[in-house]
Amino acid sequence: MSLLLSLFVTLWALQCPPSTAEHAGRCVPQSCINEGMVCEGRGVCDRHGVCRYKDRQAVPHITKEPKECMDGELLCNGRGQCAQQPNGSYACECDEGFSLFGSSSHCVPNVCITGDKLCSGRGSCVDNRDTGEQGCNCNDLTIGDQCELCDQDGVEVNGKCIYKECVTTYPDGSQGECNDIGICGKLSGIYMCICSQLDSYTVDRFTCLAYSCLANDLTKGVCYRHGFCKGGKCVCDEGHSGTLCEHTSVGCNEGETLVGDKCYPTACISGMGDTLPVLCNAAGHCNYKTGVCECSIAYTGSLCTECADTAILVDGACIDAACITDEPDGSISVCNGHGKCIDGPENSVECLCDSDYRAIGTLFCYSSSCVRFNRLCNNRGTCVNDACQCDDDFYGEYCEFSRSCPSGHEYVLGYCVPDVCVTTYSDGQKAICGGYGHCVEKEDGPTCECIKDGRFINGACVSEKCITDKLNNVVCSNKGQCKGGVCSCDYDTLSPTC
């Protein structure tokens, strides 16, 4: 009888449907079984034969997760769950505050998404699980929460922030990058135009000149001096034509003077250069339609040869008083001595700062080593000899640290944080609520409020995957510390739980 019963049990155990196998008395999809274990003992097998891992971490050579949900070795970039779609395919369903971007497996913080680009296409998206920091890390010359703006040294040209000196402003008012035949780059910390070697040559640090805009006789000048070169082609002045603007039918009207092959408003000519007239004392713009000089803000007079009432004569040039800085020794300087005064928008002036100097506001230039996040020494000091001299109670390269917080608080990551919310690790580093929670004010005082699966253990918020013994609240096998939801082991080890 016992032999028959044993045979019956054996036969019954072999009756699992195709593509499944018996395990622990039940039929399990074979795709979930590896080395005699279901989902490596770290997850559960769903009805589609797909392993669902609690820690969302997959091992490439044994994972059973659909490839549509894998972002490298991480499931949904560690920020979501894999779910089957109505059409039978798989895609990630991202955690709150995250959305898919670029693929079915890449969950990124919503704060980084700007239409069809991340960070306006001008920066990289930061998602630091250790510190909880999320947001855009902007490229040079770019600022804003989503890198949507150009800083004081940048000008937006065709959707890019270009260093202002690299920007070419053409006579027709349009702008381009390095004469539209080069790119603006940074070599050894210095911005310059990198000109196309095959099609142009470098005139100076910020000017590229296309060979196609020059005649064989170089004395003819660029575009025969009857136009300007834009993107390798001549844009001819009115009355001139040809590939190099070499053809002319100019006849000067009354009130105009012919110089070379071009007519100039007589009332705008303030002198003569080597080959061309000097217009409006080089301190204004000649309106060819009216034949009248339109002077820069600091100048006045019919030929812009006099200082305006708001200007001061400095070293032979008229400078608007708004750009004048009173120095401690009683002398004066223009833009702190580190820039030049130029016309700004809406009848204003601003400082165009020298290289390695940044504008604070529009009228002061300070060393870049004193400026961070468009603030001078974090608004807690002054810039002396290219370094921040901090006010009392503040210190740091940019005066970013405070020496004094209210009683019962510590200064952590730029904030005064209640002691009960401060986690101090064995290496001396500090974090707020273990980097896996937020410090909130409750009726009975401040406390840590852990995020997601976090649990408050020994003064820190600890993620579930850091807890190796839930009954006794053992963290990282007592061989490390949980930082930002991940074990940081005391010794080198490949184990995620030390």
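Cβ from N, Cα, C; glycine included.
All TrEMBL annotations are machine predictions without curation.
Note that the structure is predicted; figures quoted are calculated from it, not measured.
The signal peptide feature in TrEMBL is assigned to 1-21.
Under the heading domain 'EGF-like', TrEMBL lists 65-104 (among others).
Each residue in the domain 'EGF-like' (108-148) gets a DSSP state, and the totals come to 6 helix, 18 strand, 17 coil. Feature annotation from TrEMBL assigns domain 'EGF-like' to 108-148 (among others).
TrEMBL lists Cys119-Cys136 (among others) with the feature disulfide bond. Applying an 8 A CB threshold to same-chain residues 6+ apart, the list for Cys119 (disulfide bond) reads Cys112, Cys125, Cys136, Asn137, Cys138, Gln146, Cys147.
What TrEMBL lists as disulfide bond is Cys138-Cys147 (among others).
Take the CB of Cys138 (disulfide bond) and look out to 10 A: across all protein chains shown you find 21 other CB atoms.
There are 25 other CB atoms within 10 A of the CB of Cys136 (disulfide bond), with all protein chains counted.
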